[in-house]
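According to TrEMBL, the active site, proton donor annotation covers A:GLU419. Taken from TrEMBL, the feature substrate binding site covers A:HIS38, A:HIS270, A:ARG365, A:SER392, A:HIS469, A:ASP477, A:HIS481, A:ARG528. Under the heading thiamine diphosphate binding site, TrEMBL lists A:HIS78, A:GLY127, A:PRO128, A:LEU129, A:GLY166, A:ASN195, A:HIS270, A:PHE445. Taken from TrEMBL, the feature Mg(2+) binding site covers A:ASP165, A:ASN195, A:ILE197. Residues or ranges marked as domain 'Transketolase-like pyrimidine-binding' by TrEMBL: A:362-533. For A:HIS38, A:HIS270, the entry in TrEMBL reads site 'Important for catalytic activity'.
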2 protein chains.
Amino acid sequence: MTEARETITEGTAVAHNDMANAIRALAMDAVQAAKSGHPGMPMGMADVATVLFREALRFDAADPNWPNRDRFVLSAGHGSMLLYSLLYLTGYPGMEVGELKRFRQLGAKTAGHPEHGHAAGIETTTGPLGQGIANAVGMALAERLLNTRLGDDIIDHHTYVIAGDGCLMEGISHEAISLAGHLGLGKLIVLFDDNGISIDGPTSLTVTDDQVARFKASGWNAVAIDGHDPAAISAALAHARADSSKPWLIACKTTIGYGAPTKAGKASTHGEPLGEEEIKGTREKLVWPHAPFEIPEPVLLAWRAVGQRGAKERANWKQRAAQAGPHVDAALSNPAAAGKIADVAKAITTAKAAFAIDEAKRATRVWSQLALEKIVPVLPELIGGSADLTGSNGTRTKDHVPVGRGSFAGNYIHYGVREHGMAAAMNGIALSGGLIPYGGTFLVFTDYCRPSIRLSALMRQRVIYVMTHDSIGLGEDGPTHQPIEHLAALRAIPHLLVMRPAEGLETAECWEIALKHDANPSVLALSRQAVENLRKEASAENLSAKGAYVLSEPEGGRDVTLIGTGTELALAVEAAKALAGEGIRAAVVSMPSMELFRAQPESYRTKVLGDKPRVAVEAGIAQPWFEWLGTNGRFVGLSDFGGSAPAPQLYKHFGLTAAAVADAARSLVKK
Amino acid sequence: MTEARETITEGTAVAHNDMANAIRALAMDAVQAAKSGHPGMPMGMADVATVLFREALRFDAADPNWPNRDRFVLSAGHGSMLLYSLLYLTGYPGMEVGELKRFRQLGAKTAGHPEHGHAAGIETTTGPLGQGIANAVGMALAERLLNTRLGDDIIDHHTYVIAGDGCLMEGISHEAISLAGHLGLGKLIVLFDDNGISIDGPTSLTVTDDQVARFKASGWNAVAIDGHDPAAISAALAHARADSSKPWLIACKTTIGYGAPTKAGKASTHGEPLGEEEIKGTREKLVWPHAPFEIPEPVLLAWRAVGQRGAKERANWKQRAAQAGPHVDAALSNPAAAGKIADVAKAITTAKAAFAIDEAKRATRVWSQLALEKIVPVLPELIGGSADLTGSNGTRTKDHVPVGRGSFAGNYIHYGVREHGMAAAMNGIALSGGLIPYGGTFLVFTDYCRPSIRLSALMRQRVIYVMTHDSIGLGEDGPTHQPIEHLAALRAIPHLLVMRPAEGLETAECWEIALKHDANPSVLALSRQAVENLRKEASAENLSAKGAYVLSEPEGGRDVTLIGTGTELALAVEAAKALAGEGIRAAVVSMPSMELFRAQPESYRTKVLGDKPRVAVEAGIAQPWFEWLGTNGRFVGLSDFGGSAPAPQLYKHFGLTAAAVADAARSLVKK
């Protein structure tokens with residue numbers, strides 16, 4: 001470790017070391033002030049980040065949302081002080097030094113891990129390891145899609161990632177790397193912080209992967225460099241930028257906690273403050289005599305100059321974009337804001353009209369596909385896909401063109417058997433702006449991508465999960481493929497809209513809801529098995545939008561309310577008919593979305609659910625239903641894993657029948 | 001594709017082709033009879049499987065549970081007919097031809113995907129892709145652990161896996177491969193069905209990984225062979241068995257649906273019946289003129305001879321094991337049955353006695369570690385570990401010795417940042433028999449390993465998940481690290497015991513429960529922040545075992561019942577004290593496990609919950625609580641993601657306070 005380097009990089013007279021040490025000092029001081037945090041990574045990667053920001057990254061701190069900026073993703077999100085330091089030093093709006101001083105405090109922009117939306121310049125929320133690199137694959141893919149649509153003059157940027165050992169140990173990294181290599185996303189550059197340390201100690205305890213060889217095996221270019229040698233970093237970045245044939249891994253050998261006199265290179269710098277003594281020693285070792293949070297003016301000015309490096313390029317871009325015409329703005333803005341949703345509404349109306357007179361029994365996954373046939377032509381922003389279940393999910397329509405290596409004019413992604421990578425890539429696509437991603441797999445496999453679904457919700461991104469085969473109704477594939485607890489588990493995630501339409505018209509309505517909600521991800525839970533349309537009239541109103549509504553109200557008032565979702569709504573309808581024959585008046589309520597219903601005024605909820613006993617039916621566990629059953633309500637559902645058999649036999653075997661619903665109703669209705 | 005090969009392998013006079021074709025015929029006929037299923041993979045891998053079972057696999061069909069058998073894991077579980085055919089052909093008990101005819105029918109042993117426990121010889125439940133290969137890593141690890149404990153004479157076997165493209169695209173495969181390579185599990189041999197086809201079409205649509213290079217990069221030996229050349233398969237297996245320096249990948253180039261005249265090599269053979277015409281053509285092409293499900297006697301006899309190939313070796317083993325002494329039986333049997341749990345009970349009693357007089361405030365993760373200090377010495381079957389959060393999870397005790405490459409005498413696994421791989425490996429360890437695995441990470445990262453947790457529950461395996469930092473009480477790391485919905489999501493999984501102890505004594509009790517339940521996985525949700533012991537007496541009874549109990553009953557009967565779990569139980573206690581000052585008599589109920597409480601008789605539940613209004617408090621969402629709140633109950637909890645700040649501030653900010661609990665109680669108590 002030499003502290004005496006004096007490499008001067010172009011453009012400023014301030015030494016590289018001083019600029020990198022500014023990051024190191026801010027990181028260790030902020031962590032110390034917060035009494036918690038991760039100083040080691042920012043100190044180790046300060047050299048890499050300094051060269052990246054000074055020389056490579058195209059950005060203008062004054063306009064964090066410039067569509068053609070390079071993206072910078074800190075996948076190793078625990079090193080958040082690296083990002084916050086850079087945002088402050090380069091002058092991002094709102095990132096004052098006070099925010100660094102309030103690191104990890106309530107209400108600060110500087111949360112423990114970078115939270116998208118808390119501060120300008122945080123491209124994505126990271127912390128759960130491996131998510132950032134997989135988001136970046138989505139961003140790099142979105143870049144190619146928009147590049148093809150808008151041309152090199154408008155969209156043509158790189159996506160940079162800093163990833164750590166943890167990111168590369170997580171399984172999601174494989175899905176991300178493999179997909180990026182397959183698609184040849186050559187403008188994706190991953191800087192691996194190869195510091196040889198994880199929380200439990202040296203990484204030799206747990207991992208011996210040859211990362212360079214691993215990335216090459218997945219179709220990447222890969223090199224290893226000294227992550228403390230600015231010239232080597234500079235050369236590697238220049239080389240990677242010049243060769244976009246494949247994505248790049250630059251493995252940067254670094255020392256965690258670089259500069260700390262006794263702790264550098266040790267796990268103890270990873271996740272806790274260095275301590276006053278060690279910080280004092282670090283100041284001495286780095287020749288950084290300045291007070292905590294104090295950046296000498298020349299250094300700060302040099303950094304601010306870096307923040308303005310892209311200003312002229314951005315101005316030129318603005319001009320080009322304006323000249324190119326209004327389609328550019330439209331393509332890069334929120335499709336909801338751009339009025340595109342009005343076209344979607346028309347498409348949905350058309351679909352509902354067609355469905356209302358369609359007497360065929362179809363699975364809701366098929367109704368979904370038919371709805372998409374209407375939506376896709378009017379919403380080119382929509383990027384479809386599936387994790388290798390295209391035909392089963394009904395995610396591809398006749399207007400879809402698949403995307404492939406060197407061929408980004410399409411609007412459909414074959415994500416492969418990579419549910420987690422797909423979901424994280426969709427987050428990246430949504431974050432890129434201007435595009436709406438949806439992707440399919442079986443509902444049971446939401447488990448495989450749950451960490452990314454959670455981040456869709458936490459970041460309030462419009463990502464649409466088309467989750468088919470939503471119950472034991474998938475039949476013979478058996479318990480491993482049958483969701484039982486998944487509706488409950490998904491409904492548990494804040495801000496996620498879980499919609500389980502019962503038939504064709506509801507399915508079209510749920511698509512409209514998913515597309516309109518630009519600050520919520522949605523799950524569409526769709527059936528494998530065919531259902532009849534229960535609504536024969538194409539109401540102008542989107543009935544599903546209130547979450548639940550009265551499908552049928554008996555004359556003379558109700559004795560009991562039967563509530564159903566999805567394919568089980570038909571059981572409620574059938575039970576109501578049987579009960580009517582016995583003089584029991586049952587109202588039937590369809591509840592495609594608990595979240596939307598919960599958001600209604602109490603008066604509406606009371607009106608729909610009524611004041612009579614309630615019976616709910618759903619091919620899932622009871623947990624989410626106690627909220628709606630009222631006093632003495634009954635639930636007809638499941639409490640154990642499914643079985644392997646044809647669907648009708650399973651429904652009978654598990655007691656999910658109209659007769660069971662009717663029995664439950666009878667038991668509740670006072671004679 | 002040549003159909004005319006006549007390779008004769010040693011030991012029988014029946015041609016390899018006839019034996020392989022028996023598998024092909026059974027697979028296509030069973031799928032046709034079921035009208036659903038996956039014929040392509042069994043037909044493609046029939047040659048590989050035939051050579052494996054005839055020459056390599058050490059097994060005796062008459063004793064499917066022989067501890068020193070080689071393990072065979074069908075990671076590509078959709079090809080279940082490959083496994084069922086082999087079990088039938090080699091004569092596993094209970095696998096009659098009638099079971100093949102009932103493939104995918106209600107109650108058959110032959111579910112759509114292999115279900116552990118349905119039939120002898122199904123080593124693990126597979127279907128969710130990538131799980132099998134990761135289970136196998138756990139099995140191969142368990143083999144090394146038991147080998148070191150019991151010697152080569154007793155445990156020294158291989159673990160074979162058949163994995164498909166899907167398995168190797170899933171992220172979990174990376175975690176598994178990387179861990180196996182790191183540990184040098186040289187007796188693990190993966191046969192990759194490299195058929196170039198996935199559901200959406202040719203794999204060239206989605207993946208271009210060089211699998212041989214990829215595995216080598218993670219420390220494996222790897223070769224590629226023609227998967228239809230018996231001599232090549234034989235040679236590769238022999239070579240791999242002879243060289244246990246590293247795990248082996250044998251990439252077998254195969255044709256999916258091999259033998260089908262028009263569909264072979266196409267995605268259409270993957271997941272649907274071939275159809276009568278194609279089956280007729282296949283019979284002709286394979287020169288297999290026999291009726292469906294009919295195996296000519298010489299072929300069946302040859303296969304049955306394969307099934308008995310290991311009989312003598314097993315008999316010798318039995319003798320060796322008996323001579324070695326009773327410790328062998330004890331080490332290889334269910335630790336609960338072996339009476340080891342009695343020693344655990346004593347250890348727990350000791351721990352509780354010590355905790356009851358310990359006045360320190362400690363996090364429940366620390367109480368857990370202190371309990372483990374007592375348990376680990378008396379239960380060598382316990383294999384601890386953590387996904388790189390050892391210090392945070394408190395999973396390692398002073399009696400732990402870490403396991404590493406070539407060094408398997410230990411009892412602690414540094415799993416690395418591989419939550420999913422850890423959980424699946426733990427399933428494999430539990431399935432191996434004789435060992436009890438536990439592993440730690442943060443509760444929020446149960447999302448990362450949820451598919452494997454589900455399989456622990458579906459397979460009823462005793463796997464213990466030590467999930468710390470179980471609420472916003474983790475503080476500054478912020479929303480990405482704070483579980484909000486995770487207790488609800490985990491409680492949704494059937495057969496999973498979710499336990500959230502409130503203090504030291506409960507923590508010790510929950511460990512006892514987790515260890516005793518040998519047919520349930522458990523989650524221990526443990527706090528980062530310190531709590532006081534609320535129970536000062538070390539009751540002989542395990543109070544937590546009933547799921548909930550009355551911690552304090554006011555004199556003269558209760559006006560309200562306050563229910564809490566984990567660190568929020570203290571809020572209920574504090575609220576009860578405040579209410580007592582106002583003359584409101586509040587009982588406090590601790591509910592460490594809803595599953596255990598639900599299993600109690602109604603009389604007990606009624607007694608505990610009482611007939612007065614109820615208030616529950618938990619740092620999570622309301623969904624699981626409606627079940628317990630009764631009429632007009634109130635819940636004090638969370639409905640949104642957390643924040644980044646010191647824990648006490650977050651509790652206050654989100655209204656999780658004793659004052660809020662008391663307020664809720666006041667609002668419910670009639671004056």
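Even glycines carry a Cβ here, placed using N, Cα and C.
TrEMBL annotations: computationally assigned, not manually curated.
Where TrEMBL records a feature, it is marked here on the structure.
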residue	record	contacts (Cβ under 8 Å, 6+ apart)
A:HIS38	substrate binding site	A:VAL31, A:HIS78, A:GLY79, A:SER80, A:MET81, A:HIS270, A:GLY271
A:GLY127	thiamine diphosphate binding site	A:GLY77, A:HIS78, A:SER80, A:GLY112, A:HIS113, A:PRO114
A:PRO128	thiamine diphosphate binding site	A:GLY77, A:PRO451, A:ARG454, A:LEU455
A:LEU129	thiamine diphosphate binding site	A:SER75, A:ALA76, A:GLY77, A:GLY164, A:GLY166, A:CYS167, A:MET169, A:GLU170
A:ASP165	Mg(2+) binding site	A:ASP193, A:ASP194, A:ASN195, A:GLY196, A:ILE197, A:SER198, A:THR203, A:VAL207
A:ARG365	substrate binding site	A:SER392, A:ASN393, A:GLY394, A:VAL466, A:THR468, A:HIS469, A:LEU526, A:SER527, A:ARG528
A:PHE445	thiamine diphosphate binding site	A:ALA387, A:GLU419, A:MET467
A:HIS481	substrate binding site	A:PHE442, A:VAL444, A:HIS469, A:LEU474
Q. Under 8 Å Cβ-Cβ from A:ASP477 (substrate binding site), six or more apart in the same chain: what's there?
A. A:HIS469, A:SER644
(Q) Residues other than A:ASP165, A:ASN195, A:ILE197 within 8 Å, Cβ to Cβ centroid, of the Mg(2+) site? (A) A:GLY44, A:GLY164, A:ASP193, A:ASP194, A:GLY196, A:SER198, A:THR203, A:THR254, A:ILE256, A:HIS270
(Q) Sub-8 Å Cβ contact with chain B: please pick out which of the binding-site residues A:GLY127, A:ASP165, A:GLY166, A:ILE197, A:ASP477, A:HIS481 have it. (A) A:GLY127, A:ASP165, A:GLY166, A:ASP477, A:HIS481
**Q.** Cβ neighbour count within 10 Å of A:SER392 (substrate binding site)
**A.** 20
Q: Compare all C-alpha positions of A:HIS38, A:HIS270, A:ARG365, A:SER392, A:HIS469, A:ASP477, A:HIS481, A:ARG528, the record's substrate binders, and send over the largest distance in angstrom.
A: 48
**Q.** Assigned conformation of A:ILE197 (Mg(2+) binding site) - DSSP reduced to three states
**A.** strand
Q: Check A:LEU129 (thiamine diphosphate binding site) against DSSP and tell me helix, strand or coil, would you?
A: coil
Q. For the domain 'Transketolase-like pyrimidine-binding' (A:362-533), what's the model's average pLDDT?
A. 97
Q) Near the Cβ of A:HIS270 (substrate binding site), how many other Cβ atoms are there if near means within 10 Å? A) 24
Q) Among the binding-site residues A:HIS78, A:HIS469, A:ARG528, whose Cβ has the fewest other Cβ atoms within 10 Å? A) A:ARG528
(Q) Pairwise over A:HIS78, A:GLY127, A:PRO128, A:LEU129, A:GLY166, A:ASN195, A:HIS270, A:PHE445, annotated as binding thiamine diphosphate, what's the top Cα to Cα distance to the nearest Å? (A) 34
(Q) Neighbour count, 10 Å Cβ-Cβ cut-off, for A:ASN195 (thiamine diphosphate binding site): what number do you get? (A) 27
Q.
Using CB atoms and a 10 A radius, I'd like the single residue among the recorded positions A:GLY166, A:ILE197, A:GLU419 with the highest neighbour count.
A. A:GLU419
